[in-house]
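Take a look at the structure below.
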Amino acid sequence: MLSVIILAAGKGTRMHSSLPKTLHTLCGEPMLFYILETAFSISNDVHLILHHQQERIKEAVLERFKGVVFHTQIVEKYSGTGGAIMQEDKTPILTKHERILILNADMPLITKDALTPLLKSHNNAIGLLHLADPKGYGRVILENHQVRKIVEEKDANDEEKAIKSVNAGVYLFERKFLEKYLPKLHNQNAQKEYYLTDLTAFGINENEKIDAIFLEEEFFLGVNCQTERAKAEEIMLERLRKNAMDLGVVMQLPKSIYLEKGVSFKGECVLEQGVRLSGTCLIENAHIKAYSVIEESQIVNSSVGPFAHARPKSTICDSHVGNFVETKNAKLQGTKAGHLSYLGDCEIGKNTNVGAGVITCNYDGKKKHQTIIGENVFIGSDSQLVAPVTIGSNVLIGSGTTITKDIPSGFLSLSRTPQTNIENGYFKFFKKS
């Protein structure tokens, strides 16, 4: 077994946001949560190093992960990646296991499989990337597949900057190695910080083996600005789309479809172009038509759209919800709502038809109220149901009706102003003075 230390103490100033960098999301999930999931997939001892907005990050983490060990970096005394794992006396933080994997919190694309080459090493090891454009990364100087030196870009000379082998920001150390060399770290560099990479110099001077393990670039993309966040999100989206299609989901123009990590699919599903699925959603044996938005909802044995919007807590089963229909906190069972309706805070029974322009008026300016509609109900176009109201089963509501009172089962309900036809009314209205 091994312990995992995740470095998350930085300010993330290049994000230009009051939100901590690691809480910025990819596909609906904070970046930090991805790396924590990976950490717990390989270890039962996960440590998180915090400083900037640490209480905010800790609160978010504890809502999802209960086994994290939190530490506060002593930034005022020990800044930098090396300082992050130091205690007051410069010894490494306490861990359960002798092998320690160190990861950066701003690398949300790392997976267990991507780390496998590094974890197979029996020595101290550093993950490397070979980049065509290594700008922004620390350079790694190798000799016989062993690390001889790591130079941060800020401290590199022109010859060192030409090297394409760069530090991936992933380290595997034995605890005894850290105990021996961490107290020797100093901050005599351009940034006045303690660098983890400097540990290699101490080890090399005493003939310690430090393996250079090349890793796949896609999995170790660091996120330091909004442009990099967007790039990482597109990679994550490609993974989610592929996973869905591997389950048999049909996607029309996949690159136009957005879905988040909490979306799950069952049975035969079709997603047309421009569909957006966000939050925790279940899509089961469903056809989501073009440019529809589904949020925190369940769509089962149903068709939705095009241009429909299922807002949170919508459960649509054995139903058809057509174009420009919006639902919110709605339960539809065997319902047809073809077009241009708002169905909020309602329950609608089987074999009910909702005409065009029907609105459940759920808000009175102070509180939300519920509309209950039974089975075998026909609601004519352009009707308003003013909640709270209950419509029984086998009810017919005429077009243009405003319902303010409960309707018993078996009734016909109408509320219309009588129509008046005035002979020659057109000519009288437009008569010239």
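Including glycine, each Cβ sits where the backbone N, Cα and C put it.
Computed from a predicted structure; not experimentally measured.
Annotation for His339 (active site, proton acceptor): same-chain Cβ neighbours under 8 Å, separated by at least 6 residues, are Gly322, Asn323, Phe324, Val325, Ala356. Summarising the annotation, Swiss-Prot assigns active site, proton acceptor to His339 and lists sequence analysis as the type of evidence.
Swiss-Prot lists 7-10, Lys21, 80-81, Gly138, Glu152, Asn167, Asn224, Arg311, Lys328, Tyr342, Asn353 with the feature UDP-N-acetyl-alpha-D-glucosamine binding site, giving sequence analysis as the kind of evidence. Counting only same-chain residues six or more apart in sequence, the Cβ atoms lying under 8 angstroms from the Cβ of Leu7 (UDP-N-acetyl-alpha-D-glucosamine binding site) belong to Ile49, Thr81, Ala84, Ile85, Ile102, Leu103, Asn104, Ala105.
Residue environment of Asp106 (Mg(2+) binding site) contains 25 other Cβ atoms, counted within 10 Å of its Cβ in all protein chains. Per Swiss-Prot, the feature Mg(2+) binding site maps to Asp106, Asn224.
What Swiss-Prot records for Ala356, Asn362, Tyr363, Ser381, Ser399, Arg416 is acetyl-CoA binding site. All protein chains considered, the CB of Ala356 (acetyl-CoA binding site) has 17 other CB atoms within 10 Å. Look at Ala356 (acetyl-CoA binding site): DSSP puts it in coil.
Under the heading region 'Pyrophosphorylase', Swiss-Prot lists 1-226.
In terms of DSSP secondary structure, the region 'Linker' (227-247) contains 20 helix, 0 strand, 1 coil. Residues annotated as region 'Linker' in Swiss-Prot, with sequence analysis given as evidence: 227-247.
Marked as region 'N-acetyltransferase' by Swiss-Prot: 248-433.
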Need the DSSP three-state call for Thr81 (UDP-N-acetyl-alpha-D-glucosamine binding site) to compare against my parser.
helix
Could you state the CA-to-CA distance between Glu152 (UDP-N-acetyl-alpha-D-glucosamine binding site) and Asp106 (Mg(2+) binding site) to the nearest Å?
18
Between Asn353 (UDP-N-acetyl-alpha-D-glucosamine binding site) and Arg416 (acetyl-CoA binding site): CA-CA distance (Å):
20
From the Cα of Asn224 (UDP-N-acetyl-alpha-D-glucosamine binding site) across to the Cα of Ser381 (acetyl-CoA binding site), what is the distance in angstrom?
52
Look up Asp106 (Mg(2+) binding site) in the DSSP assignment and reduce it to helix, strand or coil.
coil
Roughly how wide, in whole Å, is the group Ala356, Asn362, Tyr363, Ser381, Ser399, Arg416 that binds acetyl-CoA, by largest Cα to Cα distance?
23
Return the count of C-beta atoms lying within 10 angstroms of the C-beta of Ser381 (acetyl-CoA binding site), excluding that atom itself.
17
